[in-house]
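S.K.: What Swiss-Prot records for CYS306, CYS309, CYS340, GLU347 is [4Fe-4S] cluster binding site, and it gives sequence analysis as the kind of evidence.
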Amino acid sequence: MMTASQRYDTKIHRRVTRTVMVGDVPIGSEHPIAVQSMINEDTLDIDGSVAGILRLADAGCEIVRVTTPSIGHAKAMGKIRSALRAQGCKIPLVADVHHNGTRIALEVAKHVDKVRINPGLFVFDKPDPDRQEFSKEEFDAIGDRIKETFAPLVQVLKEQNKALRIGVNHGSLAERMLFTYGDTPQGMVESAMEFVRICDSLDFHNIVISMKASRAPVMLAAYRLMADTMDREGFNYPLHLGVTEAGDGDYGRIKSTAGIATLLAEGLGDTLRVSLTEAPEKEIPVCFSILQALGIRKTMVEYVACPSCGRTLFNLEEVLHQVRNATCHLTGLDIAVMGCIVNGPGEMADADYGYVGKGPGVIALYRNRDEIRKVPESEGVEALVQLIKDDGRWVEPD
């Protein structure tokens, strides 16, 4: 976890985690934080599933999850993978396995790069409405059954050098965990750690862990406790971040960001998904925007722009739109658009280029802190583009 000095550092210090390969994509603290999503097509619809995966890949998604609720769905993954490879798409595939999923997981492991299991459902017993408690003997007996059921999958993944996600959901904890720990972050962590310890006992370490909840405070507490527990027990597995069932629109994006960005700022997280009730490809820009905003992974131009006030000397909203349209393909640059000289030059000091209102009908162009020239406002955007070209930092858009 963060040291006292790191807490006040402007650089994010990631928790050190081991590298887990998911196909050709590495997940771990030595690698860029990977962006993933999940298609919403029926897996038995081969053509539809392939099309959905290709749309995600085109949007920049780096890992795609697919639901496999039956053996038939698991076998369909082989056809989906072959169809993708025939079209030149090698994006890693993850199978989502839930209720009593051993047979399904063993089949689908042949066709995917990672298997995701839900500890609360992998060995599933229907809840007993008359039960009042679990004795230690009963709790341990179920644990033994879980290990017996889970071990064959671990062995297959180990032999095939595939990865596993232990994906806990707050809403689907096993009955014995609820009775013992309650509907709490601790219950989520213990649910995951039971499976982590089994993997460790079988010398299998290609593990990624998620602790998702639909409420950000629960999710935050669960991930923090999970990281602390792993550190205490000597495990350094990567974390997959997400707020599940976040909804749609602005609020869904804000809710996801509240959870994911908070943990990323604390150094936790090695891969992420923003779960929206929208077309899956709409999740991807949100993921990259979160990473960009924190300075963790730069995949677009960073625009710095003031909110505008009575001192603004031009239509800032319109000009920002024009500047963005002209330069949005110049990934890696920081460009500032500021309304006046009162705060503009200082607040944009870290930008590569600046566009600042200088006087009525006049703007000044900056390179870093240095004013380069003044030009009429009507020529401002064109002059900014020319300055970038003069510096050799311009590339033509695709």
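The count begins at 1 with the first shown residue.
Note: Cβ is positioned from N, Cα and C throughout, glycine not excepted.
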S.K.: Among all protein chains shown, how many Cβ atoms are found within 10 Å of the Cβ of CYS309 ([4Fe-4S] cluster binding site), not counting that one?
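M.R.: Other Cβ atoms found within 10 Å: 11.
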S.K.: Taking DSSP three-state, what's CYS306 ([4Fe-4S] cluster binding site) in: helix, strand or coil?
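M.R.: The three-state answer is coil.
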S.K.: Taking DSSP three-state, what's CYS340 ([4Fe-4S] cluster binding site) in: helix, strand or coil?
M.R.: coil
S.K.: Do any residues at least six apart in sequence from CYS306 ([4Fe-4S] cluster binding site), in the same chain, have a Cβ closer than 8 Å to its Cβ, and if so which, in order?
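M.R.: Within the chain, CYS306 ([4Fe-4S] cluster binding site) has Cβ neighbours under 8 Å at THR312, LEU316, VAL337, MET338, GLY339, ASN343, GLY344, GLU347.
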S.K.: Between CYS340, GLU347, which of the binding-site residues has the fewest other CB atoms within 10 angstroms in the structure shown?
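M.R.: With the binding-site residues CYS340, GLU347, fewest surrounding Cβ atoms within 10 Å: GLU347.
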S.K.: Give the sequence-ordered set of same-chain residues, not counting CYS306, CYS309, CYS340, GLU347, with Cβ within 8 Å of the centre of the Cβ atoms defining the [4Fe-4S] cluster site.
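M.R.: What remains near the Cβ centre is PRO307, SER308, ARG311, THR312, MET338, GLY339, VAL342, ASN343, GLY344.
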S.K.: Look up GLU347 ([4Fe-4S] cluster binding site) in the DSSP assignment and report helix, strand or coil.
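M.R.: Once the DSSP labels are grouped into three classes, GLU347 ([4Fe-4S] cluster binding site) ends up as helix.
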